[in-house]
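Heads up, the thing below is written out as structure tokens.
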Amino acid sequence: MGTPGSGRKRTPVKDRFSAEDEALSNIAREAEARLAAKRAARAEARDIRMRELERQQREGVEDTLSLRSLGSHRLDEKSDKQYAENYTRPSSRNSASATTPLSGQSSRRGSGDTSSLIDPDTSLSELRESLSEVEEKYKKAMVSNAQLDNEKNNLIYQVDTLKDVIEEQEEQMAEFYRENEEKSKELERQKHMCSVLQHKMDELKEGLRQRDELIEKHGLVIIPDSTPNGDVHHEPVVGAITAVSQEAAQVLESAGEGPLDVRLRKLAGEKDELLSQIRKLKLQLEEERQKCSRNDGMSGDLAGLQNGSDLQFIEMQRDANRQISEYKFKLSKAEQDIATLEQSISRLEGQVLRYKTAAENAEKIEDELKAERRKLQRELRTAQDKIEEMEMTNSHLAKRLEKMKANRTALLAQQ
């Protein structure tokens, strides 16, 4: 008694999705390689920027020192020139007044000019003080300029670092989204497998229903058997049943309680006993026939006795023949019932084993799919939490970047 679709083997869903999984793994490997190359390029660019910043700082310090030395040299030259002019100008004017006679007004003006340039030490000290003040201001300006330049370079470096961090966060976000899509696809595949298994289970249930209908239609009786082959197991066998006719069920009930194999062995023993009795009766019949053939040659005076013994023998022979015919009928009926029972047992055992194996496989696959579904749901929740955390980190970094840009613009405005 077969059921629809009981002997077919379906192609596993895993083999159908192997090409897609391989393509996804290749894409993931290529993305990881590109990510590693980008990271290496960013590290190299960061090193180059650091070296460039160090070079610019060194050049700025050297330019500051050169400008400072140049300014001090120019100020020294200017002070020396003024000092020389202060000492050469009065002597020339005195010689001119001695050689050429001038009026009193010119002599008074010349005396006033010389009196204004008489103190060269005072003017030189004032120039040196002003020079020192200018140098101090210049030094302070250069130091503040260098500090601002360093702060500017540091801010630029921090901005570049934050840009790299944001790029990495975006790449991680993209990777998380890709993993989420892969997990979603895997979840869809698992759902498809669940639907396929549910369809198989429905088919098995339909087959069981048809089996029950056929059993009821043909008037069969289901006999449970928990210990097949007379073996004693620690764990009971689930679903071991046998469908037989009502006559066979009555015969099995007459055999007593116990497993089906034990009752069949009892019936086989009774059959052997009946066969042995039939053989004994046949031997007795042959002996009686031989006795009859020997008694046929006896004298006529014993005819009355022989007739009486013949009547008794005929009655015995009739009884024996009747018993033999009854035993033969019972034997043939028992043989037919046993053959029918054996065929039903073998057929139903095969069906039960198939149904049991299919049900166990379906239960195992269902449990595995449920566990995989729970695992995927946990991973999905973890990925969503990570995505939310990365979004919060990204927004925080964006706020910090805006704040640093505002500080930078404020510093540039102050300069």
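Yeah, the Cβs are placed from backbone N, Cα and C, and that goes for glycine too.
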Consult Swiss-Prot and report the residue, out of Ser106, Ser111, annotated as phosphoserine. Ser111
Phosphoserine per Swiss-Prot, picking from Ser91, Ser115, Ser125, lands on Ser115
Going by what Swiss-Prot says, which of Ser6, Ser116, Ser184 is noted as phosphoserine? Ser116
Test of record reading: of Ser18, Ser254, Ser344, which one does Swiss-Prot tag as phosphoserine? Ser18
Phosphothreonine per Swiss-Prot, picking from Thr88, Thr114, lands on Thr114
The compositional bias 'Basic and acidic residues' (52-61) resolves under DSSP into 10 helix, 0 strand, 0 coil
